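Q: Below is the structure I would like to discuss, written out as structure tokens.
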């Protein structure tokens, strides 16, 4: 960095609160003084060099603090975290304070050069990187031990001293975004650029993928309706539908990579160079020296971590998988009981009873998925992964394996063990529709209702008839701190992943799956938008260049769908009749077709570039210019050394 942090002023005449820190009631004064000193202290002294003020209310000073930063501090922070902005020549480059004049819309008096979400991300980064120096404990709390390099924020959270940290909403911008996003029902695209400016790239990319996936499902839904109506039992006609499904699943995932590249290049995150990853706040160990960076940081034995993974986590996951299969067998016992009851009574009530086991099983699946999620998070945290990316990968792997088996094992058992296509259609339809209804209720309707209830209580308690736009800062903070916390896009992507499995794995058996998926996703867009704007606290922005490991998860699901659909078609009576003499010929033919379709799938994935040509050219040009600049710098240093 070309600038010295010491010239930063700690006083900002126009203080703008960006982030809220809530401490526990009764927090000791010496603790508050120490924490605020560390936040405002200079970077050279191990501080964050930010601004902090207590929130003043009618009752005086509460344990709530407003954190902000000077304009200059935010610009230097933008360079530290590697934000990429658009230059005057329309190219995208990493922001540096020394070359700030070359960036579009930059002016010394333009405090909107960085979006509010970017400013809050910078403050979060600085707070999370506050680490203990020589302190042995949190002042005032001898039981809250510290050691050099330990994350201060993490220790305050685990000790219960720090209740929460969250970014503040901008009520005026939120109202504009709400109106253009979900305020009126319309046929059109979402305002992804506005979503990105307000919530950050990770959330904007999720809504972009949700919108794209919904549009991509429409051809499958349109084709599936006539297949459902006119060719229900004719499996010969499903060969074409299944083949289209397999090619469709490949094309949409490859095209998404291109759309993702276009979006993230425009937002700057495609070029954003990841700094050497800092240890995640929850990582702990003995203080040591990182051999790569030379910095002091906690060190934890990888052997201990592997022992925890293979001797504890892996057996626990296997036990959960076994329990899931055991519950599945209970479900089949219920199915048999319902079938026997229907045969004995032959009434409308007994016909309805045929669907009861599937509905009960769908509810049980959702409950088991949610309980297992908490257990997986605890185990993954206990494994003590150093990097956030490693933590997320291990967590996603645990959850995906369980959810895949829990949601689809019964369908595979019905298809390939019981060979009951009628029961497969019934179970697939019931599981899909029930899971969609439960997710909509649990993720959107229930939180929205609870939040509305809380807002009414707040207004009665303050005897205020103000709208959200008229709330004072203290009232706004008190209202937002009680709102639910958005836990990230994990559950949202997981829901789409399972939906993709329902649509693609058994498409030739239940073509209407895509229709229900489209209807669900249309309501999902509006309900997710509503909960982001009205139900949850504003989440911190997180820069990202793609949807991460979820891309691989969707691609893996599409490969599995090739195998399942080929086997299902091979099992049909019409195809079986073509090989009356030799079943081995049937197996070999199905295997050949499956390999051929997989080959076509991988060829298509190879042929379709991940990035459009113009973006490839721009990236190559930037790389060339970076190398030229490095070469010029080296030549300059060599010339100076020769003069000496």
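Backbone N, Cα and C define each Cβ position, glycine as well.
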Q: Looking at the ranges 268-288, 352-372, 373-393, 436-456, which is given as transmembrane segment in TrEMBL?
A: 352-372
Q: Excluding the flanking five residues on each side, which residues at least 6 beyond the ends of the transmembrane segment (395-416) place their CB within less than 8 Å of a CB in that stretch?
A: 313, 317, 320-321, 324-325, 328, 331-332, 361, 365, 368-369, 372-373, 376-377, 379-380, 423-424, 427-428, 431, 435, 490, 494, 497-498, 501, 505-506, 509, 549-550, 553, 564, 567-568, 571
Q: Contact between the transmembrane segment (212-232) and the transmembrane segment (586-608) is defined here as three or more C-beta pairs under 8 Å separated by at least 6 residues; is that satisfied?
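A: Between the transmembrane segment (586-608) and the transmembrane segment (212-232), contact is absent.
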Q: Please figure out which one of 212-232, 238-256, 309-332, 496-519 racks up the most CB pairs under 8 Å against the transmembrane segment (352-372).
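A: Counting Cβ pairs under 8 Å, the winner is 309-332.
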Q: When each of 238-256, 309-332, 496-519 is checked against the transmembrane segment (212-232) for Cβ pairs under 8 Å, which one has the most?
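A: If we count Cβ pairs closer than 8 Å to the transmembrane segment (212-232), 496-519 scores highest.
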